[in-house]
Amino acid sequence: MHLNQGTVPEDYRAYLNRKVRWILLGLILVFVFFVLAISVGAVAIPPLDVVQSLLGISSSDKWDRIVWNVRLPQAIAAVVAGIGLAIAGVAMQSILRNPIASPFTLGISSAGAFGAAVSVIVLGAGTMQSTVASPVAISNPYLTTTVAFIFCMIATGVILAISHIKGASPEVMVLTGVALSSLFSAGVMFLQYFSNDAQLAAVVFWTFGDVGRATWDMLPLMVVVVGAGTLYFIANRWNYNAIDAGDETARGLGVNVTRVRLAGMTVAAVISAVIVALLGVIGFVGLVCPHMMRRLVGDDQRYLIPGSAIAGAVLLLASDTVARIIVAPYILPVAVLTAFLGAPVFIYLLFRGYKR
């Protein structure tokens with residue numbers, strides 16, 4: 001069969017251009033939902049006034065105070081947390097070659113929650129405070145993050161040990177994650193039983209994963225950790241493409257599979273630990289967003305990693321916006337919305353996958 005020499009490169013360029021267009025569309029959606037997240041709330045701010053306030057040309061001091069003191073840090077936290085959770089999910093699914101791996105389903109989020117509960121109840125890092133953003137705050141977020149990280153590492157070590165068992169199936173790993181999640185959830189309940197009223201309120205309120213408690217003081221740590229982790233995964237995109245083809249293929253291409261897998265799981269656990277420690281448990285973002293983007297840009301990590309990061313930011317921004325208006329004047333925790341939105345989408349993706 002004769003093949004036109006110009007056909008394949010042209011078709012391939014068109015194929016790549018479609019991926020780029022989806023990513024550019026995602027960036028536009030991030031901007032749109034970012035403005036909406038700041039605009040919507042108990043006090044509605046016109047989107048144009050939001051943009052003017054962000055540019056420093058607003059004529060209303062009232063809008064400026066609401067935007068800069070309350071809503072902007074929450075919107076930035078939603079973007080950063082969405083990126084971090086989605087990136088961690090992509091990495092875990094690639095490293096473990098398990099399509100339903102994520103910090104939430106593998107028990108890492110629950111491990112971080114237990115670590116945070118230890119920090120709040122045992123080490124005294126939780127206090128009752130009356131603030132604009134939240135009546136409850138973590139008085140020492142760095143201690144909480146450190147303890148949450150330690151327990152995330154414990155869960156990660158167990159998962160890595162299971163992954164190295166010969167013949168371990170994805171089902172076995174998922175069940176391991178379920179067992180870990182149940183174990184650490186039981187640990188949280190155990191600590192709550194022996195806590196005082198203030199500690200119990202702090203832990204319960206903290207476990208409602210929400211970007212509404214975000215403050216400017218939290219953002220530098222989140223931005224640095226998520227930013228560094230994202231750059232790490234982008235730098236290793238070719239290694240993950242090789243691992244997706246199989247361990248033997250990756251080794252044949254010169255990839256140190258063991259080192260890449262261990263380092264990737266560690267970085268993903270660090271990202272998850274920081275987000276869990278500061279914002280609470282937010283599920284389904286790391287599970288659903290990678291699958292959504294696979295439908296649009298494919299499995300190539302060069303496009304899947306940034307695409308999933310964008311999808312995570314859009315999902316959390318949209319969830320945060322809807323959470324403020326769906327049962328107004330009450331504001332739902334964003335984790336409730338991600339579960340309501342994420343679970344049906346994931347079931348739909350599974351249905352379409354099996355149909356195909």
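Even glycines carry a Cβ here, placed using N, Cα and C.
TrEMBL entries are annotated by machine, without manual review.
Copied over from TrEMBL:
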type	residues	note
TRANSMEM	22-45	transmembrane segment
TRANSMEM	72-92	transmembrane segment
TRANSMEM	104-126	transmembrane segment
TRANSMEM	146-165	transmembrane segment
TRANSMEM	172-194	transmembrane segment
TRANSMEM	214-235	transmembrane segment
TRANSMEM	267-288	transmembrane segment
TRANSMEM	303-323	transmembrane segment
TRANSMEM	330-351	transmembrane segment
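In this chain, the transmembrane segment (172-194) lies out of contact with the transmembrane segment (72-92); the count of Cβ pairs under 8 Å, excluding pairs fewer than 6 apart in sequence, is fewer than 3. Sequence-distant neighbours of the transmembrane segment (214-235) (same chain, 6+ residues past either end, Cβ-Cβ under 8 Å): 73-74, 76-78, 80-81, 83-84, 87-88, 90-91, 131, 133, 141-142, 145, 263-264, 267-268, 270-271, 274-275, 278-279, 305-306, 309.
Contact check: the transmembrane segment (303-323) against the transmembrane segment (22-45) gives at least three Cβ pairs closer than 8 Å, residues 6 or more apart, which meets the contact criterion. Proximity of distant same-chain residues to the transmembrane segment (22-45), defined by a Cβ-Cβ separation under 8 Å and at least 6 residues beyond the stretch ends, is recorded for 51, 53-54, 63, 66-67, 71-72, 74-75, 78-79, 293, 296-297, 303, 306-307, 310-311, 313-314, 317-318, 320-321, 324-325, 328-329.
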